[in-house]
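**Q** What follows is a structure written as C-alpha cells; I'll ask about it next.
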Amino acid sequence: MDIPPLAGKIAALSLGALPLSYALNHVSALSHPLGLALMSALILGLLFVAIYSLSPGEIYYDPLYAVFAVFSFTSVVDLLIALQEDGYAGGFMEFFTKEGEPYLRTAHGVFICYWDGTVHYLLYLAMAGAIRRRKRYRNLGLYWLGSFVMSVLVFLPGNILGKYSSEIRPAFFLAIPCVLVPCWAGVRVFNQARAPTCYAPNVVQEEQSKGILRRPVDLALVIYLTLAGFFTLFRGLVVLDCPTDACFVYIYQYEPYLRDPVAYPKVQMLVYMFYVLPFYGLAVYGLIFPGCSWLPDWALVFAGAVGQAQFSHMGASMHVRTPFTYRVPDDAWACFFGSNLLYALGPQLLAFRCLWRPAFFLHPPPGPLAHHKKED
C-alpha cells in the first residue's frame, strides 16, 4: 500500500539504522548507561530534524508523518536486536542490550522486537505513504494503535515488576514518549473522518431487522467471544494463584510459561482480563443489537492488540531464552498452540466482519425501524 513513494525518503532513512548501529556499537563511550541514554535521545532528536527537513509539507499536513518516520527507524533497530539475540546477526546492538535495555534479551523482548521490526514497520510505511498521497489510513492507524498500546502496557510493567527490575537503566526513561505519543496519536486517528459507506436506508433497515439467528456469521462470533471470554477469565485466575485443581493442572501441565519470573506473561493475562474481557462482552452486545457504530473502530484496535500480544506470548512460551521448566511441554504443545492461535485469530475475524458488511453497525436511518423478530 503506497510503498513506492517511500523508497527515496522514509524507507531509506529507516535503513540508515544499519550502518549507524554498527558504528555506535564500537564507540567506547556507550559502555556507560547514562552516555547511552543521552546518545539515544540525541539521535532521535537529529532524526526528527532530518525528517522535518526532508518532508515539511507532509508534516504540516499531518504531524503523525514524523511519528511514523521516527518509529520506522526504531523498528529497524528492534529487528536488528531480535536477529542479533537469535544469532542471525552480530556487531550491531550488543551495546544497547547490555547497557541500555537488558530486558530486550528475554524471550518476550525478542518477540516484541520481531513484531515491531516487521508488522509495525510495514504499517509505518503504509501510513506514511497514505499521508504522502493524501489518502485515508484510519483503519491501519487503529490497528497499529491497539498493537502499540498493548506492547507498552505489558512490556513496561513487566520490566518494573519482573526479575529484571534491578536492571532498570537511564535508557528506560526513553520509553516515556512511547506512553505519551500513542495517546496523542490515538486522538488524532479517532478524529479522522471515517470512510464513507454507500448503503441505502432500506438496506440498512433490512440488515438491522435481522435477529442473531438469521446471521450465522455473527452467531458464530458471539459463541466464539463467549468462549474466549471464559478462557480469558480462567487464565487471569491462573496467574492470580487461584487454588482450584483446574488452575493448578493448567499452569503446570499446559502453560508453565505463566509461572516465569520475568512477569511478562502474568501482566499479559491481567491486561487480557481487565481490558480485553470487558471488550468481548461489549462486542457480544454490539453483534446482537444493531446500531453500535463504535464496534468497527474498537474491533480494529483490539485486533491489533491481541495479535501483537499472542505473537509475543506464543513465541516466548517456546523460545530457547525461556528456561526449559517454563516452556510448553511436548505433550501439551498441540493443545497450547491450537487454543492460543484461535485466541489470536478471533479478534482478526471480528474486525474483518465489521469492515466487510458494516450496515448492521450504522446508525439507524430516520424513520420507523422494524423491530427484531423473535426467533422461534
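Backbone N, Cα and C define each Cβ position, glycine as well.
Unlike curated entries, TrEMBL annotations are predicted automatically.
Source: prediction; values computed, not measured.
Per TrEMBL, the feature domain 'EXPERA' maps to 61-186, 217-351. The transmembrane segment annotation in TrEMBL covers 33-52, 64-83, 103-128, 140-162, 168-187, 219-240, 269-288.
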**Q** Test of understanding: applying the rule of at least three C-beta pairs under 8 Å (pairs 6 or more apart in sequence), is the transmembrane segment (140-162) touching the transmembrane segment (168-187)?
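**A** Per Cβ check, the transmembrane segment (168-187) touches the transmembrane segment (140-162).
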**Q** With a Cβ cut-off under 8 Å, give me the same-chain residues at least six positions beyond the ends of the transmembrane segment (33-52) that come close to it.
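**A** Cβ under 8 Å, 6 or more out: 10, 13, 20, 24, 27, 59, 65-66, 69-70, 73, 95-96, 99-100, 169-171, 173-174.
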**Q** Is the transmembrane segment (219-240) packed against any residues at least 6 beyond its ends, judged by a Cβ distance under 8 Å, and which are they?
**A** 212-213, 246-247, 250-251, 255, 258, 265-266, 269-270, 272-274, 276-277, 280-281, 283-284, 287-288, 339, 342-343, 346, 349-350, 353
**Q** By DSSP, how many residues in the domain 'EXPERA' (217-351) are helix, how many strand, and how many coil?
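**A** Here the numbers are 110 helix, 0 strand, 25 coil.
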**Q** Just give the helix, strand and coil counts over the domain 'EXPERA' (61-186), going by DSSP.
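**A** DSSP classes over the domain 'EXPERA' (61-186) add up to 103 helix, 0 strand, 23 coil.
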